[in-house]
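Take a look at the structure below.
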Amino acid sequence: MPQLQKPAPAFAGTAVVNGVFKDIKLSDYKGKYLVLFFYPLDFTFVCPTEIIAFSESAAEFRKINCEVIGCSTDSQFTHLAWINTPRKQGGLGSMDIPLLADKSMKVARDYGVLDEETGIPFRGLFIIDDKQNLRQITVNDLPVGRSVEETLRLVQAFQYTDKYGEVCPANWKPGQKTMVADPTKSKEYFETTS
């Protein structure tokens, strides 16, 4: 099972990137933050809502030096067929993020999200920092999708703590107060709360 503050499990495979097959690997993203999210299956129900939402927000992630990759145990051919299916028919349409094919199930297994009985991954989401260490891990059961806004906020918060060495309180957003992780200095933050 992957651990926070430790190197993310290396991966490599074929993805659909801008409508074509391309080999990608974790090390391609060194120097950038990366959101790697797993979803159960192509041509399903909750999955397209998440993938489309991440794709539509890809530019926001790129503005903060972060890329996003979706991954399932489907083949790259199935990914491409789903991308080429119109959204009004349950397809994805044009994508602004890569969809990684994990037909061998190795990536999902290495990240600890594979349901061994069904061969499909749970909805795992991993934030990997610019040094390729894991900073955040969440895993949802199959019927509930994830929040793109919360994922973006978490990346921003980790980047802030990396840069300034301060900690971010609950519900922190860029521009809001942070605190120094020190019993005395943290009081400056708490004095401003009600």
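For all residues, glycine too, the Cβ spot is worked out from N, Cα and C.
Predicted, not measured: the structure shown is a model, and the values here were computed from it.
Here Swiss-Prot flags 2-160 as domain 'Thioredoxin', drawing on sequence analysis.
Residues or ranges marked as active site, cysteine sulfenic acid (-SOH) intermediate by Swiss-Prot: Cys47. Long-range Cβ neighbours of Cys47 (active site, cysteine sulfenic acid (-SOH) intermediate) (same chain, at least 6 residues apart, Cβ-Cβ under 8 Å): Tyr39, Pro40, Leu41, Ser72.
Here Swiss-Prot flags Thr193 as phosphothreonine, drawing on experimental evidence. Using a 10 Å radius centred on the Cβ of Thr193 (phosphothreonine) and all shown protein chains, the other Cβ atoms total 7.
What Swiss-Prot records for Ser194 is phosphoserine.
Over the domain 'Thioredoxin' (2-160), the average per-residue pLDDT in this prediction is 98.
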